[in-house]
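Trainee: Please find one structure pasted underneath; my questions will follow.
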Amino acid sequence: MQKKEIIILCGPTASGKSYLGHALAKACDGEIINIDSMQVYKEIPIITASPPESYKSEIPYHLYNFLPITEDFSVVKYLKLAAEKINQVTASGKLPILIGGTGLYINSLVFGYNNIPDISEDLRQQVRKLHNEIGNTELHNRLTKLDPLASSKINQSDTQRLIRAYEVVLQTGKSIFSFQTLPKEQILSEFNFKIIFLNPERKFLYKICDERLANIFKDGAIDEIALIKKQFNPDYLNLKAVGIKEILAYLENKLTLSEALNLAQTRTRRYAKRQITWFKHQIKEKITLDYSNEEDFLQVTRKLSILIDLPNSNK
């Protein structure tokens, strides 16, 4: 039996995935499913550069900006939701087009994942209360006694990973890293994945990264993060999107606005570089689209339906 098709449009931040994916979905009767770990959160659409409402009014978008930032989210939870949406889209006769740059999600979807048990809400609250009382250093010391492997791999300044490892060892009695040795579970084995990798020339990409982040800062990101800071304790939130840390520092008068923007731009460029390296080495079978300027990118947009052998409505 011929496998059903899924398109994954991936690449570094600011590479044009949203624009290109939207054009592709319109041309090929597709629906878009998020595969970015930060764009799931509903309180931070601006800083995460989530698709605009104008896009969402034209075609269906799934798994964007739906989850409260107070809710814990994992790759396993993502995969279950993504599989559900993919099956719904294909059942309706549409083409699922997954867009994003989170390597862990893409790798787990395509090649399988390590199923780490969910943490009970009671235990989660207990660990967060404990961390609030004793801090990172002491929690890291306690993790060393329970799980020396995890403590050796996790820096005590990495609050999220530290708490996660401590929760897992308390819940399961096993190191979080022990689950990586188990056979991987496949969630969508009946599908064929066609992976498209956007690979802009480095200098051009860095220019776009800088410009986009400057616009994001101007277009409401500061107010967005200020509201979160007012309502929640950022230490316990999964706020890893580039720019959030710098805006928080600005709001706490630790950086000027210019310093915050410059630092965030530097981090964005480094993040983009890491993403490119990851995709080049981890995803072997893919269609790579190279471009070095805006005209090249527009040409890629026009030709994409033909390149991946899908019907084109000539839009």
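A Cβ is built for glycine as well, from the same backbone N, Cα and C atoms used for every other residue.
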Trainee: Looking at 36-39, 184-187, 272-275, which one does Swiss-Prot call region 'Interaction with substrate tRNA'?
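Mentor: Based on what Swiss-Prot states, region 'Interaction with substrate tRNA' spans 36-39.
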Trainee: Should anything in the same chain at least six residues away from the region 'Interaction with substrate tRNA' (36-39) have a Cβ under 8 Å from its Cβ atoms, list it; otherwise answer none.
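Mentor: For the region 'Interaction with substrate tRNA' (36-39), the far contacts come to 45, 48-50, 64-65, 73, 78, 99-102, 104-105, 240-241.
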Trainee: Cβ within 8 angstroms of the Cβ centroid of Gly11, Pro12, Thr13, Ala14, Ser15, Gly16, Lys17, Ser18: which residues besides those meet this for the ATP site?
Mentor: Gly101, Leu198, Pro200
Trainee: Hey, how far is Thr13 (ATP binding site) from Thr102 (site 'Interaction with substrate tRNA'), Cα to Cα, in Å?
Mentor: 10
Trainee: Using a 10 Å radius around its CB, how many other CB atoms surround Ser15 (ATP binding site)?
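Mentor: I count 26 other Cβ atoms within 10 Å of it.
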Trainee: In angstrom units, rounded to an integer, how far apart are the Cα atoms of Lys17 (ATP binding site) and Arg124 (site 'Interaction with substrate tRNA')?
Mentor: 35
Trainee: Lys17, Arg124: which of these recorded positions has the highest Cβ count within 10 Å of its own Cβ?
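Mentor: In terms of Cβ crowding, the pick is Lys17.
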Trainee: Quick check for the class: what is the C-alpha distance, in angstrom and rounded, between Ala14 (ATP binding site) and Thr102 (site 'Interaction with substrate tRNA')?
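Mentor: For Ala14 (ATP binding site) versus Thr102 (site 'Interaction with substrate tRNA'), the Cα atoms are 13 Å apart.
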